[in-house]
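Sharing the record's features from TrEMBL:
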COMPBIAS  800-812  compositional bias 'Polar residues'
DOMAIN    27-134  domain 'Cadherin'
DOMAIN    135-243  domain 'Cadherin'
DOMAIN    244-351  domain 'Cadherin'
DOMAIN    352-458  domain 'Cadherin'
DOMAIN    459-568  domain 'Cadherin'
DOMAIN    583-685  domain 'Cadherin'
REGION    798-820  region 'Disordered'
TRANSMEM  694-717  transmembrane segment
């Protein structure tokens, strides 16, 4: 850095020498000025025009300039005013690098025309602009704690770029009772400082001392600089190892395993390094027997069990131990360890079981003896005192009863139930009162034998089984299973149907049950139209002695199928023949032409019959009521209408799939219709036809007689074929029966009736009875034991004709018995 500064100065110096040599003759006297360093730029120094006796205007005219010798051009001339001003801040320390008191800046003022040179010297005066600085900010010193007081240690001094009063004046040391400083002045006036030990050092008290050294100059205001002094106190072996106490007392249990830690010694040494590293060892006062039973780790001071310790052989041991450091002149400390042996409860109590019963029946009486238990312990004192307990946390039905010293009885305390618990694990626990206590367990397995004390139980008390009619014989209906919690033969169940007769028929003829698994079967095909339900009982019986049983009610409900085709009973016709009806052409609108009645032996939805027209000659002439089967005229006949009309009616039930029957009616129109006298209707009660007794025989006779009369009337009408003749029927006779021919049936428009036909198996008779609920049609077979059809009548809506008193009949089929 210094070389870089001096290089340009040397170059300028050579140039100045040549200039001064050439113009030396023109130079005049030297003018001197003094200014402090660090003045601001543009600051006034002096008025050269006045001081040199020059006219201000001549400075410009004579091209006045300032030539600085050996330095930079720090100043400049204001040619307008003739003043010498600061051009650049001047740092005295950069111009005068030596520690001299005076510092001058030499320059020449040169004027031309004629040439004239004025010598100027500018003295740069020092200001306190630099603080003292230490060459080393941190100084480290190592001093042993054995160093005597008064020892001196040289410290690095501080430097200050300023001179004179602004240079370093004194030093200060931070407060310390162990150190102070001694300030000395060199031949050049520099201040030097030494560190002096003033007290006895102790590393164990303070191992490191941190001091602050401050250098202060003499400027106003003064400036200072600091440095840190770190003093490490070096250790010497001046402290012996020390145990926390001179005597240690510990306990160890007999029979302690080898390697068991008895205790760990921990002596301390205030020194450091090797002076604090300790070695533990037995002294000569420790017996060889003790050294055989206990080991001492020389590095950690850990004492462990090495041999077998027996309380009965020796109750205590003494160890004399020293701790020695590893210093050049080792120091040592001593202690004594007393080991007391603690007696152990090392004998387990014993349990002996006598007169043991390994199994009991569940009906055994409370208080029954199960076993006799004896307990003992070979230890003495509290270690030999024992207590016997049973695992009662499970609330077992057993208890222990102390009979004598050391003997207990195991008894049944509560009734037993094998179905709740079939086996017990009884744990007899005997514990002594030693410290720690020893425990011995003995387990008794007790099996509970079964007795027949539980009756079979069905999962439900009432079974409802639905069976669709027309089932296959032998079909499985359901499986009824009962549960018996007993064992072996006490839980082997047998199922059977409890005998019950329905209409002289046993249940065992209708149903069968598998005696082993309770599967219930149907032995016959059921017909809903004959049998609706069955109610009987099934019993489950175990094989115990004595056997126990329980029963359950079974309700068999027969479900209907659509297995009966509707049967058209009115108008009557021979099988496969066409029904012919004759009506006058003068019939009014709404005239009842015919009424189709069909019956269905099924029930509910399957028996609901509706009527539809399949074919009709003129759809605008007739209408069919789909519910009661009435065929009526929708208008009066005209001359264009043909004399014969053909209608095909289908009767369809409401089953799935639906079954149906058809009837063909041929209607002929005539000019006049001859009416015949009506037979008086017989009022009948509904419940008459349900009693098959003497009234049925009388009724069958009457029906047969009426049937013969009807056949004869039909034959006569068919042979004679009388001309139609209008006959006025009195109102009183409108409810009488009209005779019919099997092919052509003539009826009055004021009479609405129904006809029942005969089939291959039955003959039917027709009764029309006016009751409170409407007309009732009864069909009965000629066979005495047969069952007939019961027809209930439902009032229909009033039509637009004179036949408003007529009733639409709905027929229900009653069960029929088989022929004998």
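Using N, Cα and C of the backbone, Cβ positions are placed for all residues, glycine too.
Automatic prediction, not curation, is the source of TrEMBL annotations.
From a predicted model like this one, the values you see are computed outputs, not experimental measurements.
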So, by DSSP, how many helix, strand and coil residues make up the domain 'Cadherin' (27-134)?
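Result for the domain 'Cadherin' (27-134), in helix, strand, coil order: 15 helix, 46 strand, 47 coil.
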What is the three-state DSSP composition of the domain 'Cadherin' (244-351), stated as helix, strand and coil residue counts?
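Across the domain 'Cadherin' (244-351), the residues distribute as 10 helix, 47 strand, 51 coil.
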Using DSSP, how many residues of the domain 'Cadherin' (583-685) fall into helix, strand and coil, respectively?
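Split into helix, strand and coil, the domain 'Cadherin' (583-685) gives 4 helix, 46 strand, 53 coil.
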Please spell out the DSSP helix, strand and coil residue counts for the domain 'Cadherin' (459-568).
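The breakdown for the domain 'Cadherin' (459-568) reads 7 helix, 52 strand, 51 coil.
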